[in-house]
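Here the structure is laid out as structure tokens; the discussion comes afterwards.
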Amino acid sequence: MNWIFYSKIFLLILESIAFVTALCTFKYHNAVFRLFFFDLLFIFLLEHAGMIVGEISPNSRFTHSISNLFLLAEIPIIYLCALKLIPSHFFQRLASVSIALFLVLWVKNAYESKFFILPTFPTMPFLFGSIFALIIFLVILIRMIGRDNIFKQPLFYFSLGMLIFYGCTIPYIGVVNYFVKKDNNILLKLVQILFVSNYIRYSLFAISYIVLARQQKARKLQETIATA
């Protein structure tokens, strides 16, 4: 369908803008945003390669592996960020158990799909990973609510983007197999919602890196003035 093709093109453009923004502001990144940057880099390369291969050979097994590889990159990075951003020992232990369970589900799915030869969507690892990511960023966002100037915090925009995206993937994954068999029109509407959530996510990513760069520049200027 033409609208899907153009939606993918627009998504790739927004991903590219977010990636270039992150790259141009790399020197201002702290440890957490560097982790996010490498996540963005992997997704950027994977999505562009998937788009090219998908257009050349729609039935290529590489197109079936994108969701699996995307999960393997993003969910562990979210876990590492949670360890840095959420100091609660109980929460960190819970996150460690969750990431271990996620990896078991991912390996199980990879084995059942004969390591991505079969066109199977990673329903269980994607659903579990989405719930895990949603909880992590919800906790991060709640912890930020009491702070002053929350809209000047780069992590606010990044967390909001993740919440919107994963908040939309959970209901989609929950019903996708049902509507594939029952009602294609509803499935296409759900896909449209996913595209929109991704548009918002990458736009917020770009904003977060811009805010981070401005924040770091202002801090360095204050330090320069203080030592002058």
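Cβ from N, Cα, C; glycine included.
What TrEMBL says about this protein:
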type	residues	note
TRANSMEM	6-26	transmembrane segment
TRANSMEM	33-53	transmembrane segment
TRANSMEM	65-83	transmembrane segment
TRANSMEM	90-107	transmembrane segment
TRANSMEM	127-145	transmembrane segment
TRANSMEM	157-180	transmembrane segment
TRANSMEM	186-212	transmembrane segment
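Tertiary neighbourhood of the transmembrane segment (186-212): same-chain residues 1, 4, 7, 10-11, 14-15, 17-18, 21-22, 25, 28-30, 33, 36, 40, 152-158, 160-162, 164-165, 167-169, 171-172, 175-176, 179-180, selected by CB-CB distance under 8 Å and a gap of 6+ residues from either end. Here the transmembrane segment (90-107) has long-range neighbours at 68, 71-72, 75-76, 79, 82-83, 122, 124-125, 128-129, 132, 136, 139, meaning same-chain residues at least 6 beyond its ends whose C-beta is under 8 angstroms from one of its own.
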